[in-house]
Amino acid sequence: MGLVVFDLDGTLIDSAPDIQAAANRMLDEQGIDPLDLPTIISFIGNGLPKLVERVMQRVGLDMARHTELTAITLAHYNAATTELTRPYSGVEAALQDLQAAGHVLALCTNKPEAPARAILRDLRIEQYFNAVVGGDTLDVKKPDPEPLLYILRHLGAAQAIYVGDSEVDAETAQRADVRFALFTEGYRKTPVDMIPHQDRFSDFAALPGIVAAGFKEG
Ligand SMILES: O=C(O)COP(=O)(O)O
Ligand SMILES: [Mg+2]
C-alpha cells in the first residue's frame, strides 16, 4: 500500500492532437500555417506557456506577444480538451486495480489545473485521484521537485512511486527522491536508456505488478 502519483500528458492520456488543434487555431488567427503533430509533441512537457513559446519561436512570432498568445491558446484548449484525447489502452483497468490494492492515487502534471481536471472529468477517471496538482497550481512546475513533494506532504505519504513519460518527470522524481516508473510509449524525446528510471513499462497491464514490487523494494 502506498502513494502512486501520475503524470498526465503522454502518460495517462494521448492528448497531443487536442493540444495541436488549439495551437493551430491560434496560429491560423495570426495567418500562419499549422504545425504537424510530431513538432507539437516535441514541444510538450514543460507546460502550456512553454509550449506556446516554442511554437512562437518556430514560426517567428514576436515574443512580446507571448502572454496574449498563451491566453488565446489556453482558451482554445479549454473549449475542446477531449475532442481527440483518449486514455492509453489499459489505463482505467490499471487505476481500478491499483485502487483496489489499497494504493492512494494522485496527479502531478504541468498541464494547467483547470483543463487537467476537466479532462479527468470528461474521461470519467477523476474519482481515482485524491489530489491534483497542475502546472499553475504552485509557483513552480516540474522539473522542480516541489509539485511532487507537495502531494506527498498533502497526503501524508512517506513513500511514493511517480509514473511518467518524460525526461522532465524523471528529473522531478530524482530531485524529490521518489521512485520513478517510465511509460515508454508517451512523448519522450530521448532513448529510454538515457532517462533515469527504476522501472519501465509499455503496457498498463504491467503497472500494478511493477508498483507492488516497487513498494516492496522501497
Ligand atoms: O503540459 C505539458 O507540457 C506536459 O504535461 P504533463 O506534465 O502532463 O506531461
Ligand atoms: Mg507527460
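Each Cβ is built from the backbone N, Cα and C atoms, and glycine gets one as well.
Because TrEMBL annotations are produced automatically, they should be read as predictions rather than curated entries.
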Given that TrEMBL annotates ASP7, ASP9 as binding Mg(2+), state which candidate in ASP144, ASP165, ASP177, ASP193 belongs to that site as well.
-> ASP165
Starting from the Cβ centroid of ASP7, ASP9, ASP165, which together make up the recorded Mg(2+) site, report each further residue of the same chain whose Cβ lies within 8 Å of that point, ordered by sequence.
-> LEU8, GLY10, THR11, LEU12, GLY45, THR109, GLY164, SER166, ASP169, PHE183, GLY186, TYR187
Cβ contacts of ASP7 (Mg(2+) binding site) (under 8 Å, same chain, 6 or more positions away) = LEU107, CYS108, THR109, TYR162, VAL163, GLY164, ASP165, SER166, ASP169
